[in-house]
Amino acid sequence: MSNLITIERHILEQQKFFPDAQGELTDLLNDVAFAAKLVRREVVRAGLVDILGFTGSTNVQGEEVKKLDLFANEKIISAIGQHGRFAIMGSEENEGVIIPPKNESGNYALLFDPLDGSSNIDVNVSVGTIFSIYKLKGDDPGKASLSDCLQHGYEQVAAGYVIYGSSVVMVYTTGHGVHGFTYDPTIGEFLLSHENIITPKSGKYYSINEGSYAQFNEGTKRYLDYIKEEDPATNRPYSTRYIGSLVADFHRNLLTGGVFVYPPTTKHLKGKLRLMYEANPLAFICEQAGGRATNGRDRILDIQPLELHQRTPLYIGSVDDVILAEEFEQGIR
């Protein structure tokens, strides 16, 4: 980071790939980066203020809402919505779409998970924000609707995530490579730290919640048994790395190589992760870094969303490792 490239400067340089955007993309991503700074400020001091624990309510997913979840959601909506650059938004925490007060001038839709892995915040484990940006289908922002949010993943114009951990890292793509930035609190800026991230074609790590083993189908069980067997010729056994925070598990595997698997279970036959808030943005990033992302059979970015909170299985990471998991899921092995 000796040349100190800020995220704002980097986004401006990326703007050349979008001559028709007239600077809008720069403003959109800067808005997201600003909102991330606000969330980061509270995450790092969460144990010092009354922001840990549950609110006593549940969100649209049926999950208990944590105070920091609610705070992050409100901050992102207010910080981003006030500038009028997004005509419509969707959050994992809100049942329906969100229409910002100044939406008449916005030409984009924002979908986001305000605080992924928030169940870990009480024990100081990394959490994160995931976001996805789409261009509106129509020309009138005042008529933005749910259909503008229910676009294929391949129609994203930008996607990214922010990890709040020992350091704060923001990773994003606009379809021209994947770039990571580390927050420097002394100057209040995200500085380029990981340029043109390329994920290894194969890795030695797998991330899955094996506590749900009894609920997995036979293909998933055979896959897990296979990757634990000793066979130096195929680099087995794999090592497990599972934090329970999707964005943190994904980020590690993106850099080191490996696969994250959240298969269907008897409890969640259609999968548990959200297509629009989690799978699509991470799949866009993963493919841009040379990886692969599917639901075990179909490419994530090709799935036609039917509802805002649609769920999906997810197999994402290094190409060879994802294909291996798919072969067991499909009964090829």
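A Cβ is built for glycine as well, from the same backbone N, Cα and C atoms used for every other residue.
Note that the structure is a prediction, hence the values are computed from the model and not measured.
The annotation Mg(2+) 1 binding site is assigned in Swiss-Prot to E92, D113, L115. Residues or ranges marked as Mg(2+) 2 binding site in Swiss-Prot (evidence: sequence analysis): D113, D116, E278. Taken from Swiss-Prot, the feature substrate binding site covers D116, G117, S118, S119, N209, Y242, K272.
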Requested in this report: Between D113 (Mg(2+) 1 binding site) and E278 (Mg(2+) 2 binding site), find the distance joining the two CA atoms and give it rounded to the nearest Å.
Outcome: 7
Requested in this report: Taking the Cβ of G117 (substrate binding site) as the reference point, list residues of the same chain whose Cβ is under 8 angstroms away and which are at least six residues distant in sequence.
Outcome: V125, S126, V127, G128, I243, G244, S245, L246, V247, A248
Requested in this report: Report, in whole Å, the straight Cα-to-Cα distance of E92 (Mg(2+) 1 binding site) from S119 (substrate binding site).
Outcome: 15
Query raised in the report: Are there residues of the same chain, six or more positions away from D116 (Mg(2+) 2 binding site), whose CB falls under 8 angstroms from its CB, and which are they?
Result: V127, G128, T129, I130, Y161, S245, L246, V247, E278
Query raised in the report: Can you tell me the three-state DSSP label for E92 (Mg(2+) 1 binding site)?
Result: coil
**Report entry** Count of other CB atoms lying within 10 Å of the CB belonging to S118 (substrate binding site)
**Finding:** 22
Report task. For the substrate site as recorded (D116, G117, S118, S119, N209, Y242, K272), determine the largest distance between any two Cα atoms, in Å, rounded to the nearest integer. Result -> 16
Query raised in the report: From the centroid of the CB atoms of D113, D116, E278, the recorded Mg(2+) 2 site, which same-chain residues not already listed sit within 8 A by their CB, in sequence order?
Result: E92, F112, G117, G128, T129, I130, Y161, L246, V247, L273, R274, Y277
Report task. Measure from the CA atom of L115 (Mg(2+) 1 binding site) to the CA atom of K272 (substrate binding site) and give the result in Å, rounded to a whole number. Result -> 16
Requested in this report: Give the sequence-ordered set of same-chain residues, not counting E92, D113, L115, with Cβ within 8 Å of the centre of the Cβ atoms defining the Mg(2+) 1 site.
Outcome: D69, A72, N73, S91, E93, F112, P114, D116, S118, T129, I130, Y277
Report task. To the nearest whole angstrom, state the Cα distance for the pair N209 (substrate binding site) and L115 (Mg(2+) 1 binding site). Result -> 19
